[in-house]
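Quick look at what TrEMBL annotates:
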| type | residues | note |
| --- | --- | --- |
| TRANSMEM | 48-70 | transmembrane segment |
| TRANSMEM | 100-121 | transmembrane segment |
| TRANSMEM | 133-151 | transmembrane segment |
| TRANSMEM | 157-179 | transmembrane segment |
| TRANSMEM | 200-227 | transmembrane segment |
| TRANSMEM | 233-266 | transmembrane segment |
| TRANSMEM | 287-306 | transmembrane segment |
| TRANSMEM | 386-408 | transmembrane segment |
| TRANSMEM | 415-437 | transmembrane segment |
Amino acid sequence: MMDSPAVSSSSSEFNSIATADQSAARSRRNGGGSEVVAAEQSRRWRDVFWLGIFVIHLIGLGFLLGVLGFNRFEIENRLDIDKYTPGLSGNEAGLTETYWPLYGAAGGIGTVLGWTWMLLLGSRATQMMKVSVHILTTYLAVISVLCFWTEQIFWGVAFAIGAALQFLYVISVIDRLPFTMLVLQKAVKMVWNLPEVMRVSYAFMFVVLLWMALWSFGAAGVVASNLSNGGRWWLLVIFSVSLFWTGAVLCNTVHVIVSGMVFLVLLHGGREAASIPANSLTKSLQYALTTSFGSICYGSLFTAAIRTLRWEIRGLRSKIGNNECLLCCVDFLFHLVETLVRFFNKYAYVQIAVNGKSFNHSARDAWELFQSTGVEALVAYDCSGAVLLMGTVFGGLITGTCSGAWAWVKWSDRVIMIGSTSMLMGMVLVGLAMVVVESAVTSIYICYAEDPLLIQRWDAEFFNQMSETLHHRLQYRSARAREVLTHYRLNDDPVRENAAI
């Protein structure tokens, strides 16, 4: 058992360090209205290499999509491309317009789901989030059964594994969900009072739809081609990776814009404050699409995958128990992912929006700020990102199921091909709605780490709840550290005695 006075003293030490660092951060920030202006004036282009890679990829892939779609539009092999792939053919060819409407339906369903989610932010957001958490496992299991029924064994196994992992993750974090829902409620409250950022999300959804019109045109051309199934799948995988990166870039652009606005609102004490700079939304949009766009392109490549891996490893680590061999392996992966998180985390986008730093610099500064103030314990306890991802996946699954069901009626051999790519389209569109709330969450944590009084001034009750949870988490970590140290000493004493003998 832990010694409660020792735990309390350790917790007090953590809190005193956090208070000192927060005071230092507060003094640095308050010392500089002029520094903020100077930072705005001295913004430079960051991560230009990745900006160039993204633009070149967009132009090159856009051209390829147009060519592949046009080759099968109204006339088979219009551009005589089939002569260049004689060894890869093996299926009956079709026309682009045969499959394009299915992708059009996917885009429409994804857009409706995204818009519906945003319209219900103010009144039913909590209920929708709870549904996303609890129904996703069931939905994945149902799709797995349908895949087995249609003799798609590989996909049936994949969805079954996904359902099992989702169930295990929810069980492992069930005690964190009340605090997570509280944070999400406050984030929704924040963005609901900023209608201009909602309009930005709508505008970017329209941009995504324009790109998806071209992307689905090319994808329909690939499905209609006379390539073998292997050749089609390879092309669709390449196109899907491109769509994922492009969607992540646009989502994170919205992330930077919204984060900048929320940070300003919290910093100046409210949306109606006279001290908020004029045309702040326009400036955030300008920075996100110019000097900071390279950093957004760079971070969008890795952040989502690393975050998802971190959630799964954290959930698995908390349920291993006393299996030391498995715990050792998971701990190795855990520390590896934690190192990557230091350089790739979603909180970097707030620093990019406010200070215009490069992505790695922003991610490192944000993580060091959390660790030096102890707020990292609160961030690790929160599961809001995972809950929003569940909603995104659920929206994508609904989109893919609708398009897949339509395809199954006409072409049962191409259901998975059309359904999986349609699911990705739905995830991107619904993710644009989710990212608005996630941006508010990240800004709230950055502001709390910089100066807790910013949160107290905005919502005193929420500040008290965050502070209480942070105190409990620091206390828990102190107890765990003391327990591990005691266990190590007990195991080490017999070794020393044997060595002495």
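Quick reminder: no glycine exception, Cβ is built from N, Cα and C everywhere.
At the 8 Å Cβ cutoff, the transmembrane segment (200-227) and the transmembrane segment (386-408) share fewer than 3 close pairs (sequence separation 6 or more) and do not count as touching.
Two recorded stretches are said to be in contact when at least 3 C-beta pairs lie under 8 angstroms, sequence spacing 6 or more; the transmembrane segment (133-151) and the transmembrane segment (233-266) fall short of this definition.
Sequence-distant residue pairs (6 or more apart) of the transmembrane segment (386-408) and the transmembrane segment (233-266) include fewer than 3 whose Cβ atoms are under 8 Å, leaving the two stretches without contact.
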